[in-house]
There are 2 protein chains.
Amino acid sequence: MSETRTEIASLGEFGLIDRLSQPFAAASPQTVKGIGDDAAVIDLENEYGLLTADLLLEGVHFDLSFFPLKHLGYKAIAVNISDIAAMNGIPGQVTVSLAVSNRFSVEAIEELYAGIAAACADFRVDLVGGDLSSSRSGLLISVSVFGKVDKGKVVYRASAQPNDLLCVTGDLGAAYLGLQILEREKQVFLANPNMQPQLDGHDYVVQRQLKPEARMDVIYELAEAGVIPTAMIDLSDGLASDLLQLSKASNVGAMVFEENLPIDEQTYLAATELNLSPVTAALNGGEDYELLFTVRQADYDKIKNNPKISVIGYVTDQPQSITLSLKSGSKVPITAQGWEQG
Amino acid sequence: MSETRTEIASLGEFGLIDRLSQPFAAASPQTVKGIGDDAAVIDLENEYGLLTADLLLEGVHFDLSFFPLKHLGYKAIAVNISDIAAMNGIPGQVTVSLAVSNRFSVEAIEELYAGIAAACADFRVDLVGGDLSSSRSGLLISVSVFGKVDKGKVVYRASAQPNDLLCVTGDLGAAYLGLQILEREKQVFLANPNMQPQLDGHDYVVQRQLKPEARMDVIYELAEAGVIPTAMIDLSDGLASDLLQLSKASNVGAMVFEENLPIDEQTYLAATELNLSPVTAALNGGEDYELLFTVRQADYDKIKNNPKISVIGYVTDQPQSITLSLKSGSKVPITAQGWEQG
């Protein structure tokens, strides 16, 4: 008997998800959208329900040597709420399932839950259930969120149109540089435990890594301004990767202007200190949990004065071709891995 | 600075959940029921939504040396559907989040998904999302399920009334004895890899362990018979523990008759072979994923001819006092740990 063994690494996460998802076409007419967007969409007669789930594993997604448990609890909720925001939805209820090794005390788990409670309060959601299990190796957090959205206001990835404006909320690249700063200080500490971490001047980038916020504030503001984005995705993997996802789903391309990328002063500072490119951090850093969305040009006046929103480019009719227009005037293609300097 | 360290083991799973849940009173008027039942209940105007989540970890909940991946995928879905059934609800959509170490090939994960797909087909639910992550140690499956129930038909744990009849579906104790048989054969194999597993005559108990079914069939039959249970819980931890949960929530007690406990012939056979008590297996084995429910005496005629339902006793007005009436005529108290032989 010959058995084929294909390594997961040879397909990658997205490749494996594509392969596994194929047999799962939705059968119920109440399943409006299954796998393939930030959240699933469920028909509830008068409105749509939204359902999303995410895992966070110690040693894969977080390092407890510099990640406070309270912040981790907050982040676990925020990153899931961000998926509901990306559907233009309002989150309502969350479940949290934990697997915990006996390395953790009850007090440590209470710290984690204090962060979960803070996020539930900030995003006005109720913790309604979950599971608690022992673990043989470290800490694992699995969160699911249920939310709702008006049927006429749900926003998918797949509906961007050529000439739409490309927008992002907040600023980009800070969370990635915050992580690099924290990793650097960890190495310094490991080499000499008497050294104190040098985080002065990096409080913003460090906070962006440790306490990301889901942009529900912008969702409410867009609703107030009467703007329904034509397409939306949250920025978890980095602008380059997430913009490619949105472009692929919508069968469009995009032109992005380097000079329009919102990058904080502290991000430039940290990038300089670490000898990294701030533009690369903005494009590929990931974990910003900002929103990337497209709007019709006719809606420009309704968003142009919102300081939380930057128009970074526009949608083109060239499928999956993403171009970065540099400050120098030259143009380079953006790939999932980043951008190729011309 | 003095820090208290309380071991999780000193509180136990239920104790820790109680302690962690206290600050999480539901804030939204749409959260009808939060933590503390088989699933959360969410107000959707014309009906209720149901949300539940569960974790399965390798080395804690399953042993891949005898648990086929396809069965594991099926079980991961079935045990979550069982929580929706226990609310008298109909499941609609599931999310599956996986963490996988590089020990697993793509083909292995496809086997797991084949089982997930089979369960989704059997229980008529759609897989609509989830997450996929690498893991440093083994396999982890986190499932959440969304379902719905008519507002007038939702069944909680907390509403059993004295003199209601106590009912269970199917039979009890087989899944536990199936696990003991599998563990025995694993030890035989480890001692001598040339030995073949001896599972003859144990196919039923082994199947009960490897491929539990959520009792959606009974939920549909109760609806057809016009019966709404007064209270319900699914049997995941064992009759003793789950009946105590239901009694505690309803502030009632129960009388259970040993002679009425539904126990399969193969369960008796396996118990004899392993020198275990079949009644202990029925009370404390766990993982049967049958339903324990109470009905008004007036509904007895509507269920008495259903071969899937056994009336095992009745509800009393003595809070949390559960008594087992033995075939010998003597009566013994049932505790979460089991029952004390008189």
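Here the Cβ of each residue, glycine as well, is placed from N, Cα and C on the backbone.
As recorded in TrEMBL, the features of this protein are as follows:
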- B:Asp38, B:Thr52, B:Asp83: Mg(2+) 4 binding site (BINDING)
- B:Asp38, B:Asp83, B:Asp234: Mg(2+) 3 binding site (BINDING)
- B:Asp54, B:Asp131: Mg(2+) 1 binding site (BINDING)
- B:Asp54, B:Asp83: Mg(2+) 2 binding site (BINDING)
- B:His61, B:Glu287, B:Trp339: substrate binding site (BINDING)
- B:Tyr113, B:Gly130, B:Asp131, B:Arg157, B:Ser236: ATP binding site (BINDING)
- B:Asp237: Mg(2+) 5 binding site (BINDING)
- B:36-149: domain 'PurM-like N-terminal' (DOMAIN)
- B:162-320: domain 'PurM-like C-terminal' (DOMAIN)
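Known features from TrEMBL, placed on the structure.
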residue	record	Cβ within 10 Å
B:Asp38	Mg(2+) 4 binding site	26
B:Asp54	Mg(2+) 1 binding site	24
B:His61	substrate binding site	20
B:Asp83	Mg(2+) 4 binding site	28
B:Tyr113	ATP binding site	23
B:Gly130	ATP binding site	27
B:Asp131	Mg(2+) 1 binding site	21
B:Asp234	Mg(2+) 3 binding site	25
B:Ser236	ATP binding site	20
B:Asp237	Mg(2+) 5 binding site	20
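Across the structure, B:Arg157 (ATP binding site) and B:Asp38 (Mg(2+) 4 binding site) are spaced 8 Å apart at their Cα atoms. Apart from B:Asp38, B:Asp83, B:Asp234, the residues listed for Mg(2+) 3, the same chain places the Cβ atoms of B:Asp37, B:Ala39, B:Thr52, B:Ser82, B:Ile84, B:Ala85, B:Ala86, B:Met87, B:Ile233, B:Ser236 within 8 Å of the centroid of those Cβ atoms. With respect to Cβ neighbours within 10 Å, the binding-site residues B:Thr52, B:Arg157, B:Glu287 differ, and B:Glu287 shows the lowest count. Using a cut-off of under 8 A between C-beta atoms, the binding-site residues B:Asp54, B:His61, B:Arg157, B:Asp234, B:Glu287 that neighbour chain A are B:Asp54, B:His61.
In terms of Cα spacing, the binding-site residues B:His61, B:Tyr113, B:Gly130, B:Asp234 that come within 10 Å of B:Asp38 (Mg(2+) 4 binding site) are B:Asp234.
Comparing B:Gly130 (ATP binding site) with B:Asp54 (Mg(2+) 1 binding site), their Cα atoms are 13 Å apart once rounded.
In three-state terms derived from DSSP, B:Ser236 (ATP binding site) belongs to neither a helical nor a strand segment and is classed as coil.
Secondary structure at B:Asp131 (Mg(2+) 1 binding site), taken from DSSP and collapsed to helix, strand or coil, is strand. Checked against B:Tyr113 (ATP binding site) by C-alpha proximity, the binding-site residues B:His61, B:Asp131, B:Asp234 yield B:Asp131 as the nearest.
B:Glu287 (substrate binding site) and B:Asp83 (Mg(2+) 4 binding site) are 12 Å apart (CA-CA, integer value).
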